[in-house]
Amino acid sequence: MENCMIRNTGYFLTIFFLAFISFAVTCSGTNQKDNVDRLPVVYEDVRIGLVVDMGSMEGKLVTTSISMALSDFYHVNNGYRTRVSVLSRDSHGDPLQALAAAMDLLQTEQVEALVGGQSLLEAKNLAELGEKTKVPVISSFQVPSSLSLAKYNYFIQATHDTSSEAKGIAALFSNFDWRTAVLIYEDDDDWRESIQPLVGHFQQNAIHIEYKAEFSVSSNEECIMKQLRKFKASGIRIFVAHISERIANRLFPCARRLGMMEEGYAWILTARSMNNFQDTNYLAKEEMEGVIGFKSYIPLTEELHNFTLRWKRSLRLEEVVTRMSVCSIWAHDIAWSLARAAEVAKLPGLSVYDLLEAIPESAKHKGLSGDIKFIDKKFISDKFEIVNMIGRGERSVGLWNSGSFISNRRRRLSSTKALETIIWPGGSTRIPKIRSLKEKRHGKKKKLRVLVPAGNITPQILEVKTDFKTGVTAATGYCIDVFETSILPFNYEVEYIPWPGAINYKNYNDLVYTLYSQKDKYDAAVGDITITDNRSLYVDFTLPFTDMGLAVVTAKDKSMWIIFKPLTLSLWLTIASFFILTGAIVWLIERHDNADFQGSCFQQIGTLLCFGFSTLVFAHRERLQHNMSRFVVIVWIFAVLILTSNYTATLTSVMTVQQIRGLKSNENIGFFSASIAANVVNDNPTFQGPRYKGLKTADDFTNALRNGTISFIVDEVPYVKLFVAKHPSEFVIVETESVTNGFGFAFQKGSPLVQKVSREIEKLRRTEKLKAIENWWFQRQTTSATSEDTFHPLTVYTFRGLFMITGVSFAFALIVYLIPWNREQRQVVLKHFHRYVSHRFAREIRPSPTTPNRQNENSVI
């Protein structure tokens, strides 16, 4: 029993000892693991350079937003091997200092990406630097999407879709039936370039920009008031403003003092303007009551709310900002995309320059600004909120999205014409209407300032005279008559302003550019202005009121051999051959029984030829006795009748058109050296080959055609018609080519008169009043031989069917005639052959008895 207890005690001691050893080892391993866990983790640093104006509110907001965004990102993704660190530099708002700061970051800090570009020039400089150093440059500021930036492969931009915004503003105008507006924008490259999409969509939707005004940051109140008084006097009530907050804080108080923030007016602000506004100037906000603005749409989410609260707490007390700007929200999303891209780019096997390629894939996430779209190196925001400024705040009245719906709770402008109620300036809810003050003056005509080229050398087309005593300019001519007839229904008083430089094609380009660049001085241009593609970039043209294209003129042909021109030589020879063949066949049939076809050899040849050619005038005197000869003559007379009728018709055409000749490569062609024809003949393949000579006046044309120096004249159709009308007996229009677009009236881009005048021109053409005006000034209808009227001689191929029928008929007559003759001749030949064979056979059997005697005589001799 005692031994058993001793054994059990030893057993338990052994187990206890082993358990103790195991526990000690376990504790030792745990301590080692804890020591390992407490070792510092090494992250790979990815340096990003930030170049902003630290003194600007926007620069401060973006810097704070990026810092907080990276902190939040790595708090959520603490397992990432990389950490993005931001190294900031102050650009002080100077593009050159921004470039120097970026170069310093690249050289001293070896940053792998740059964030910055608060202006267009600054963005271009950084983009050029990034292109040379192969470092991505990202801009979260609202720099316009310029074509000059699109060429940089390493430049990435966060921006709103200006094209979608322009469509939205144009749709807003259509919704309220507005067709004219005043465009106010900031006099700066950034703002000037970013307004171009809106101008283009206004033109496409026939919305006329009545006036444009540029205000710079240095513009004082006196300058602004002067422009606003001009707009108020014009009667235009709809304004579109594309300006920064600094200019807006001066513009709207001035507008209110002039009574332009009262009922009947409408002000629309673009997205770039609204996105940059901060809630710092409450008095300026109150001055903007009733304004409508487009803003980049930022969805109200819990994440945005929480981030905004923490962001406000991070600001210093002196920085009073109630909400984040759009740029700072975009900067937050860009920071998250950069952090994701840095992790992907630093994976084993990838180079440091793969950061650019990793950004598009890393941008596919939902940020504070909503679903991020990365299209063509741009973070695109294409959703816009339409807000109405009320008091010190703003109220959403609708959404604009060129794609799909954003929310079912709000109305979308693209799906319905009804927005929520808008409080317009003056507290009115009635939609402002376009009513020009000039239209309110009962019976008084509106003035239309029209440029006319004073140096025209063709008074029938346009002539400008100025009375130096009164200073009044009068214009007459075909172009003026058409214009005044077209503009008559619209109650305009036309003031003609002479343009002294219009003496050649290039100066006409200058005339068009003057109309484009001096919109406050001129409304339209009238004259012999050819519609061209490059001119259409600057002005809007009406429908052409003249024939389109160039015309070719030549002298009328007065050759004495013109009677032979209707038929080709081969056809003349073929007809002559058939005349002789007809006489020969008739002679062959009639010569045995008809005494008229008998006689000596020369008499028979003369009869054969006279009979054949006399069928041309149906005057043959010989009486025919055989039916086959009569058949031959009837068929040939039928053919002659067809040939003579076609010859007569063709000769008539020849005498009318006067043998119009085609252009040959060895003939000289003249053109007016100062007209558009000088450009066209050198560029168009239709006129390649001939030698061209530039002439200066109509007298030069006349003399050159008369003495043969040139064979043809090429010029625009109206000039050619006028030239031929002066010399109808000498010259004729040969051909026309539609290589120019004719003359048109030029108006300012977007002018509503373009469509109205075009409709009147079409009405004049349909009622033939346009033709009557042309005939009045050109004296008579010009004879024109177009390509359809140009003479083409008749050929053998034209009458191949007729000659085939005639030939078959002649062959048939010969065969019928020769069958009985062959029978008689065959009998005679057989008879003679039989006699010859019989005689020959008899001589071989019975020799003649006289043969031996003759042989003996020969031997004796």
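Placed from the backbone N, Cα and C atoms, the Cβ positions cover glycine too.
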Check: For which of ASN456, ASN707 does Swiss-Prot record the feature N-linked glycosylation site?
Finding: ASN707
Next item on the list: For the set ASN306, ASN627, say which residue Swiss-Prot annotates with N-linked glycosylation site.
Entry: ASN306
Next item on the list: Quickly, which of ASN534, ASN646 does Swiss-Prot have down as N-linked glycosylation site? Just give the residue.
Entry: ASN534
Notebook entry, point to check: Sequence-remote contacts (6 or more beyond its ends) of the transmembrane segment (631-651), Cβ cut-off under 8 Å?
Noted result: 563, 565-567, 575, 578, 582, 585-586, 589, 615-616, 618, 620, 624, 791, 793-794, 798-799, 802-803, 805-806, 809-810, 813
Checklist line | Intrachain residues whose Cβ lies under 8 Å of the transmembrane segment (599-619), provided they are six or more past its termini | finding: 579-584, 586-587, 591, 633, 636-637, 640, 644
Check: ASN306, ASN534: which of these glycosylation sites has the sparsest Cβ neighbourhood within 10 Å?
Finding: ASN534
Check: In Å, rounded, how far does the Cα of ASN306 (N-linked glycosylation site) sit from the Cα of ASN534 (N-linked glycosylation site)?
Finding: 55
Next item on the list: Could you say whether, by DSSP, ASN534 (N-linked glycosylation site) belongs to a helix, a strand or a coil region?
Entry: coil
